[in-house]
Amino acid sequence: MRNPEENKTGLIDRILSILPQTQCAKCGFDSCRAYAMAIVENGVPINRCPTGGQSRIQKLAELLQLEELPLDRSCGEEKPYSIAVIDETTCTGCTICIQACPVDAIVGTGKMMHTVINDYCTGCELCIPTCPLDCIGLKNMSATLPFSEVWDTGHASAARERFERRQKRLDDEKNKLNRLSASKQPAQESASQAENKKSEILRKALERAREKAREYRHKP
Ligand code: SF4
Ligand code: SF4
């Protein structure tokens, strides 16, 4: 008899292979994996991903042998494929947008102009409301074609890899800080406390950014 946990993990992976991997959080979950898990474990409806649109809902319905539901528009609308563009004449290099990007598509250092790596950008929009100077916009790359017709499995796997690599790096940094705190050496401890404080400030800034992103998406 097959292990039910193994079946569950396999199903989550198959759902994940259908989701677009932009990690945009429009579904109400922090990542595509979190949404896939919620579908399997909590029966969350399959129509909450506006990025993947109706074509991915249809695939999910086929996989799970469920009724194909129309997109839940409270999560957002299906849109063309777009990428972020930073107005380099206005950018002051505050680095906040870099922290918001789930796939490391923005490069730049403190007080230096930032730029978007076009090939990495998924158009998730998470960076847009984080900019205190409102200098990030979106450039439509697919005219009237919806995102799901342009964004193939190659794009999705590359975005997923970048996201997972970033998550691992952030986890490693956090673990390193925790180890430093545990070592109880005063100089290191104060350095790690300062880092923790910085992480906390960034975490709060990102929370505010996500909240602003939700408001931004629901603007008429
Ligand atoms: S692409 Fe965005 S809305 Fe779709 S499942 Fe992933 S995080 Fe959720
Ligand atoms: S640059 Fe902005 S829109 Fe592009 S992937 Fe990063 S956060 Fe999303």
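In case you wondered, yes, glycine gets a Cβ from its N, Cα and C as well.
Just so you know, TrEMBL annotations are computer predictions that nobody has curated.
Here is what TrEMBL records for this protein:
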COMPBIAS  166-176  compositional bias 'Basic and acidic residues'
COMPBIAS  178-194  compositional bias 'Polar residues'
COMPBIAS  195-214  compositional bias 'Basic and acidic residues'
DOMAIN    7-66  domain '4Fe-4S'
DOMAIN    82-111  domain '4Fe-4S ferredoxin-type'
DOMAIN    112-141  domain '4Fe-4S ferredoxin-type'
REGION    166-220  region 'Disordered'
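Listed as Cβ neighbours of the domain '4Fe-4S ferredoxin-type' (82-111) (distance under 8 Å, sequence separation of 6 or more from its ends, same chain) are residues 22-24, 31, 117-118, 120-128, 130-133, 135-142, 159, 162-163, 165-166, 202, 205-206, 209.
The residues of the domain '4Fe-4S ferredoxin-type' (82-111), classed with DSSP into helix (H, G, I), strand (E, B) and coil, number 5 helix, 7 strand, 18 coil. Restricting the average to the domain '4Fe-4S ferredoxin-type' (112-141) gives a pLDDT of 95. Here the domain '4Fe-4S' (7-66) has, by DSSP, the following mix of helix, strand and coil residues: 35 helix, 0 strand, 25 coil.
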